[in-house]
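Peer 1: I have a structure here, written as structure tokens, and I will follow up with some questions on it.
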Amino acid sequence: MDPSMGVNSVTISVEGMTCNSCVWTIEQQIGKVNGVHHIKVSLEEKNATIIYDPKLQTPKTLQEAIDDMGFDAVIHNPDPLPVLTDTLFLTVTASLTLPWDHIQSTLLKTKGVTDIKIYPQKRTVAVTIIPSIVNANQIKELVPELSLDTGTLEKKSGACEDHSMAQAGEVVLKMKVEGMTCHSCTSTIEGKIGKLQGVQRIKVSLDNQEATIVYQPHLISVEEMKKQIEAMGFPAFVKKQPKYLKLGAIDVERLKNTPVKSSEGSQQRSPSYTNDSTATFIIDGMHCKSCVSNIESTLSALQYVSSIVVSLENRSAIVKYNASSVTPESLRKAIEAVSPGLYRVSITSEVESTSNSPSSSSLQKIPLNVVSQPLTQETVINIDGMTCNSCVQSIEGVISKKPGVKSIRVSLANSNGTVEYDPLLTSPETLRGAIEDMGFDATLSDTNEPLVVIAQPSSEMPLLTSTNEFYTKGMTPVQDKEEGKNSSKCYIQVTGMTCASCVANIERNLRREEGIYSILVALMAGKAEVRYNPAVIQPPMIAEFIRELGFGATVIENADEGDGVLELVVRGMTCASCVHKIESSLTKHRGILYCSVALATNKAHIKYDPEIIGPRDIIHTIESLGFEASLVKKDRSASHLDHKREIRQWRRSFLVSLFFCIPVMGLMIYMMVMDHHFATLHHNQNMSKEEMINLHSSMFLERQILPGLSVMNLLSFLLCVPVQFFGGWYFYIQAYKALKHKTANMDVLIVLATTIAFAYSLIILLVAMYERAKVNPITFFDTPPMLFVFIALGRWLEHIAKGKTSEALAKLISLQATEATIVTLDSDNILLSEEQVDVELVQRGDIIKVVPGGKFPVDGRVIEGHSMVDESLITGEAMPVAKKPGSTVIAGSINQNGSLLICATHVGADTTLSQIVKLVEEAQTSKAPIQQFADKLSGYFVPFIVFVSIATLLVWIVIGFLNFEIVETYFPGYNRSISRTETIIRFAFQASITVLCIACPCSLGLATPTAVMVGTGVGAQNGILIKGGEPLEMAHKVKVVVFDKTGTITHGTPVVNQVKVLTESNRISHHKILAIVGTAESNSEHPLGTAITKYCKQELDTETLGTCIDFQVVPGCGISCKVTNIEGLLHKNNWNIEDNNIKNASLVQIDASNEQSSTSSSMIIDAQISNALNAQQYKVLIGNREWMIRNGLVINNDVNDFMTEHERKGRTAVLVAVDDELCGLIAIADTVKPEAELAIHILKSMGLEVVLMTGDNSKTARSIASQVGITKVFAEVLPSHKVAKVKQLQEEGKRVAMVGDGINDSPALAMANVGIAIGTGTDVAIEAADVVLIRNDLLDVVASIDLSRKTVKRIRINFVFALIYNLVGIPIAAGVFMPIGLVLQPWMGSAAMAASSVSVVLSSLFLKLYRKPTYESYELPARSQIGQKSPSEISVHVGIDDTSRNSPKLGLLDRIVNYSRASINSLLSDKRSLNSVVTSEPDKHSLLVGDFREDDDTAL
């Protein structure tokens, strides 16, 4: 570098910029100024950074140049900063034909070249450049005859290596970034930081949680980059001080992808040796890319390893090493020693190769003509709207020509495209935008994982490695991410669960099994979600583990299976040769990835590429071989939800038990009557004990068949045995399996109660027979039959009720069609053939016919026909929806009239209905926080009840022997014919058994899940999708509801509110103004221009307007043009003759003090229409005040007052001038949704605080808030600050619900306690939101909170039922309330236990009576209370307010928003107004670029 050259940099603040057009204008104009080398203008920072020659320009002259363009420029720091330069020495080749002065003039015209010196004798050119603007490669491209003089560079580098290289080079920085969870985070950071001025390259590693940045320190500082990363929500700190690069391009790329080592600071490259060899190793035990990175980073640290490339797919590693220093066997052991030390390595080959000698002292210079292979990354872009292979070819053809694109593969079946690209030349966002520009909907996949490919350098390009020595025993273990990287998920249907103890039993035991990471069991849904390691365990084994616990288990879904996997039943196979024939034939077909045929089961499992081949093609191939093939039928029914099998089981069990119980009950009643009769005789006649015994024995049932065995006890025993052992067999099996795994549940309590009663009775009976007792013992043989009757009745009723709780989900599942009619069309859309196929065989792009009354089998787009479609069960929309060509249809909706042909766009699990079903199922599987308490309580319930039962037995035995009168007083049916001891024991056992019978953990376990299941189902039926029990429970705790503005409170689309006709000396008609303005704005791409054109076409009832020429846009001001050919349009509709009925318009006499209406026709143009007049031109100006003033027009105070009034209401006022006459004013605004004011009022009446949060300016925000009745507003809040604002509200102790569009507001939705995504239609898989409202209706926000409150109230009622039965019933059963006459028999306790579970489920079913309130039901009582707020009642907080601000710099999202924010006034901005601009409503995938809208308004 030559410091004397003196190139400076200055930063100038620029006010008045409103959009990117302003930026472009300043850069173009100032960039042409003599002496200006480079200029970069930032809209969000409102400044311009200029690199200039101080000999030709000064900061003051540059400031004045910007001022002259109509902007306000201010220099805050008058001291310019020096800019680093460098000198290149270029040698002229012998083939040079150009004159020296031509070379000099050519190079001096190049931006970034400050000086040139020519040495003809030495055939050398010394070029002084600014490295941040131009480089040697660009100089060579300008003059190909020049080549870099490496010798001169060596001398210069050796002379002042530290100084010059540090100044002229770039700096590499390693920064630790925390909080990243997925590759979307890395892409966001790379996209935003990579676009900052001075940042050359950036690579963010998710595994290492760090960012490697190559930047120019004179343009950006470390602190600025750190603040930018933290502004995105990721904590960042510098891991290592930045170092100036002294490396070539290859080394930089390698450095960016090499983890930081903790040893010496200076980086050196591993040398290449003359006897380098290459060895290939097979490595088993790698599971993920983290393993690959671990092996590569560890081996590359070895001193004698030149390079290593590890392939996860091929399980191999190719290592280049110095054969004289290390052997392949040593390398093999080194790989096996890499943490965690589980790799198995074998050597396959060794190839000898030679390379250049190393340079031990300094880095070898890389010749300039050696071009390194750049980084290659891979991104997946989801593409909607493709209908055929022509679309695929079109996208591939256009995108493949884009700069930086290496390859592209578009899949019609998967609706996505995989692009390999150079991240230094393009980005995923750019590619996505390019696809959208072609007319398709494109979004970046959440699963994008950058694939970094670095070319293996030749001997001329050695790799950079660390100087660290390799070590093994002291190595820091690498975090094992096997669970996250190598896990699969399956769903298992579980039957036989009765309470929360069963859930806890399954979860606890399965977590102990090797290979199972987590398990979540849903009692009500009867489903278990299991995450497991497929290398260790498979779903059938998991199901078997559950069956061993005593429950039924069936694998119902494998979450890893999806498109590309086919399971078929193949009939006609006789031997192994048939199997071989099918497998070999299929694997020869292109697109078949894997095929396995099992002769024993007659099943074929096939993996295929859906881009190349489809399931119908595979079936046809098998059938062509002479076999029959059909799809394995999947159970699409909701049989596991309606509990039909369980209902049948318990109904049968109840009837069997009842058959034996009725005689037992008859005997018991008979004995009770007789005991009462004898007690009366004893009381009246004062009979002795002997007389009582004789009287009892005279009864038929008390007669002894054998000594000690009465007829009564024999009959009771015979009736009890079948019930005890056959009716109770199910309970014995379940109790045994539970106890085997050291757990206890309701079945254990039942078995204990019945077994103790039966065993006690049998033992006492055998003892009496052995002793030949004359008095018959009192037994409990009547207890087991009566217990089992009430238990079976309770379970029967409980499962009936459970089936009712799942009706909503069952209805959704029943909507799924089973078959589809696929048709074949010719080129003229004439039907050629029809074919009925299973819905699983439908592929994307198929043409499907749907007849009247039929269900749509898949999501699709109508290509032919008109009809009305019933979507009520999916969206909650009661009225049928009209469908025409181009309309989208939803799977499961019903076609009412008219046949339709649709093109399938989403099939299988990707359909809207499948997504809704999946979401509701997962919601009903999840557990609410309050349920976790119940589950924990149930785990201790059974042991506690057993303890209470034993304690009751012992206490009553002790009380009986100490004070027999108590037992005698409260023992029902006591007679003096039995001994005291027997009476005490029987009474104690009766109380103990009753305690076991009445206790019911089931009611506690059912209280929450039944209510959650019914609540989520009712919500789904009403178009409110609640993602689980937690948001359902949390919503009732919400105290603050925060609304986004654009698209939530408002429609999000600008519309014309009012057109005023202004007259001075001449007048012009309303329709003529519309024709002129509509024609003029038809060339505008701005949302406001589009809104004006749309309005004009609607008012004029035409699709074609006049002709617009000489169209010009002046950013920040307005447009000018000339309009012709409108007279024919006006004459056609007879509007040019008379214009008496002017809609939404008035005429204003601007030279008078008052408005006055006019019905006169235009006087500017004569009413006679002729061919000559058709060619008449109108000079049109449309814009703001400043634009009119610039063009010499005077704005009267009355007109200015009109504009101010509109601006106060948050509208944009645009002036129209025709032929230099001010003749019209158009007011445009984003309109408030009709139900918004009512919804806000209802929320306030529910005791909730309502807040409006918007990025729009304060005046517009205040206007919208006043219209809907919101008194607290946060305006000008950037997207990155919305999260901070929500967090601030939460720190005040408030539970916050955030209502937004679910896309741009996703960070705030995730931060809020309850995120509500509104108006997303069929996009029901928004991860950030907790509640998804299918319909774009704000009253559904009210309904979701109301439903939550009703559900939580029902849960509390359920707990009251459960606790009453247990907390009150158990003490009664134990005899605590005997002094007041409350005594329970065991059968009574059993009936109470059964009633508790049934009552809880029936209580939850009351939620099915919930009806979402309608607009009319809300509107009538609120009519008198609703009123707009005055501006003085509204509190507006601007910006981030008092929350801490991480960075003054804006992120990419904020910059895009700012680019598109300028309000209607600022589009055409004059600095006096602060009105807002509204956006057009683009599709949801285009919100990130182009016509982006956050909740702000875009610039014209």
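Yeah, the Cβs are placed from backbone N, Cα and C, and that goes for glycine too.
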Peer 1: Say a student had to find the phosphoserine annotation in Swiss-Prot: which of S1430, S1447 would be the correct pick?
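Peer 2: Checked Swiss-Prot: the phosphoserine annotation sits on S1430.
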Peer 1: Tell me which range among 136-150, 841-855, 886-900, 1486-1500 Swiss-Prot lists as region 'PDZD11-binding'.
Peer 2: 1486-1500
Peer 1: Consult Swiss-Prot and report the residue, out of S290, S297, S466, S1460, annotated as phosphoserine.
Peer 2: S1460
Peer 1: Can you check whether Swiss-Prot puts L206 on the same side of the membrane as L1382?
Peer 2: no
Peer 1: In Swiss-Prot, which of 1326-1345, 1386-1405 is tagged transmembrane segment?
Peer 2: 1386-1405
Peer 1: Distance check, please: Cα of D1305 (Mg(2+) binding site) against Cα of C575 (Cu(+) 6 binding site), rounded to an integer number of angstrom.
Peer 2: 61
Peer 1: Check the DSSP secondary structure of C578 (Cu(+) 6 binding site), expressed as helix, strand or coil.
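Peer 2: DSSP call for C578 (Cu(+) 6 binding site): helix.
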Peer 1: Across the topological domain 'Extracellular' (763-781), what are the DSSP residue counts per state (helix, strand, coil)?
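Peer 2: Result for the topological domain 'Extracellular' (763-781), in helix, strand, coil order: 8 helix, 0 strand, 11 coil.
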Peer 1: Rounded to the nearest angstrom, how far is the Cα of D1301 (Mg(2+) binding site) from the Cα of C578 (Cu(+) 6 binding site)?
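Peer 2: For C578 (Cu(+) 6 binding site) versus D1301 (Mg(2+) binding site), the Cα atoms are 56 Å apart.
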Peer 1: How far is it from C575 (Cu(+) 6 binding site) to D1301 (Mg(2+) binding site), counting Cα to Cα, in Å?
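Peer 2: Just about 60 Å between their Cα atoms.
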Peer 1: Determine the most Cβ-crowded residue among the binding-site residues C575, C578, using a 10 Å radius around each Cβ and all protein chains in the structure.
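Peer 2: Comparing the binding-site residues C575, C578, the most crowded Cβ belongs to C578.
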Peer 1: For D1305 (Mg(2+) binding site), what is the tally of other C-beta atoms lying within 10 angstroms of its C-beta?
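Peer 2: Result for D1305 (Mg(2+) binding site): 28 other Cβ atoms within 10 Å.
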Peer 1: Summarise the model confidence on the topological domain 'Cytoplasmic' (803-936) as a single mean pLDDT, whole number.
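Peer 2: Summing pLDDT over the topological domain 'Cytoplasmic' (803-936) and dividing by its length gives 79.
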Peer 1: Are there residues at least 6 beyond the ends of the topological domain 'Cytoplasmic' (735-741) whose Cβ is under 8 Å from a Cβ of it, and what are they?
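Peer 2: Contacts of the topological domain 'Cytoplasmic' (735-741) (Cβ under 8 Å, skipping residues fewer than 6 from its ends): 501, 505, 509, 548-550, 747-748, 750-751.
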Peer 1: Please indicate, using numbers and ranges, the residues of the same chain that are 6 or more beyond the topological domain 'Extracellular' (763-781) and have a C-beta under 8 Å from a C-beta there.
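Peer 2: Counting only partners 6 or more residues beyond its ends, the topological domain 'Extracellular' (763-781) has Cβ contacts under 8 Å with 664, 693, 696-697, 702, 704, 706-710, 712-713, 716-717, 719-720, 757, 977-979, 982, 986, 989-990, 993, 1386.
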Peer 1: Mind giving me a neighbour count for D1301 (Mg(2+) binding site)? Other Cβ atoms within 10 Å of its Cβ, every protein chain shown.
Peer 2: 26
